[in-house]
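Chemist: Mind having a look at this structure? Questions to follow.
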Amino acid sequence: QASRLVELPYSSFDDDDGDDSDHSLPGDTAEQDPGVWYPEPPKLSPFSHCVRYLAFLWNLLFLLLGLLILAVGVWGLLAKSPLPGEERGVPLGSDPMLLFVLVGLGASAVSLAGCLGAFRASPCLLRFFLGALLAFGGLEVLGGLLLLLARRRLRDALRNLLLLCLLRYQEDPDLQFLVDEVQRSLQCCGLESYRDWESNPYFNCSAPGVQACGVPASCCQDPLENGSVPNAQCGFGVLGLGLAAAGAAVHAGGCGAALSAWLRGQAGAIAAGATALVLVEAVGALMALRVLGDI
């Protein structure tokens, strides 16, 4: 009997105790040692908290800026909406205010993703934000390369755009404002010379209106009458005058050469603006990467 008891591995009481100990509930173990099942997340450093709040405020600033640009674009489109029964003179696809709408939408969407990603610590939104910044950066680099490699084609495209602005001067208030500002600030008239306004159906000498054989008031040497009152009729009949008489009343030189010279003079400012934009995007990307790494 003693040998048989020795051969027994364990008694029935030991088996019951072993089952209770081996098949204990996870909750009991968790209550005894909660760190095994629910480890506490590492605490963020003060620097990580500062970067997170700064990323939120940074993107919030550009979100407000994007919404402002979007509001300007929508206001411009609604301000030029035709009256009931009146046809729209400018197609929506060629409206310059549509550019403000698209830029505002893009900036608002990307900045909103950055704001929510930093505030809610969402890896998905932060990855979307980083991907959008990389896409915008790639487009900017591609645009810069195109400016360097296709300068002649871009110059021809700018010439065609200016000619289109002359032809549609009365049809679009935005183009009219743009042409007037360019002619007034650069002291020029037309594309090559003031005679280019003959291609406009309203300023052509065969036109039936009072503007026939004239040029816009922004071409005039002195667009103000008596030094204070704008004279909208100072360019009337200029196309019917000789070169000397027309040169005494309006700026005879074209805006094509003047605009090209102005752009060459502003090359440094354009490069500085592009560099500042890239730095802003780089700062936003670095902060998003830091927040994503902390998550």
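Backbone N, Cα and C define each Cβ position, glycine as well.
Pulled these features from TrEMBL for this protein:
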DISULFID  Cys189-Cys205  disulfide bond
REGION    1-34  region 'Disordered'
TRANSMEM  53-78  transmembrane segment
TRANSMEM  98-119  transmembrane segment
TRANSMEM  125-149  transmembrane segment
TRANSMEM  238-263  transmembrane segment
TRANSMEM  269-292  transmembrane segment
Chemist: Taking Cys189, Cys205 as the disulfide-bonded residues to compare, which has the smallest set of other Cβ atoms within 10 Å?
Modeler: Cys205
Chemist: Using Cβ atoms and a strict cutoff of less than 8 Å, what residues sit near the transmembrane segment (98-119) while being 6 or more residues removed from its termini?
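Modeler: Counting only partners 6 or more residues beyond its ends, the transmembrane segment (98-119) has Cβ contacts under 8 Å with 52-53, 55-56, 58-60, 62-63, 65-74, 76-77, 92, 125-126, 128-129, 132-133, 136, 284, 287-288, 291.
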Chemist: Residue list, the transmembrane segment (125-149) vs rest of chain: Cβ under 8 Å, 6 or more residues beyond ends.
Modeler: 59, 109-110, 113-114, 116-118, 274, 277-278, 281, 284-285, 288-289, 291-292, 295
Chemist: Quick test of the contact rule: Cβ under 8 Å, at least six residues beyond the ends. What residues does that give for the transmembrane segment (238-263)?
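Modeler: That would be 155, 158-159, 162, 182-183, 186-198, 203, 205, 213-215, 219-221, 270.
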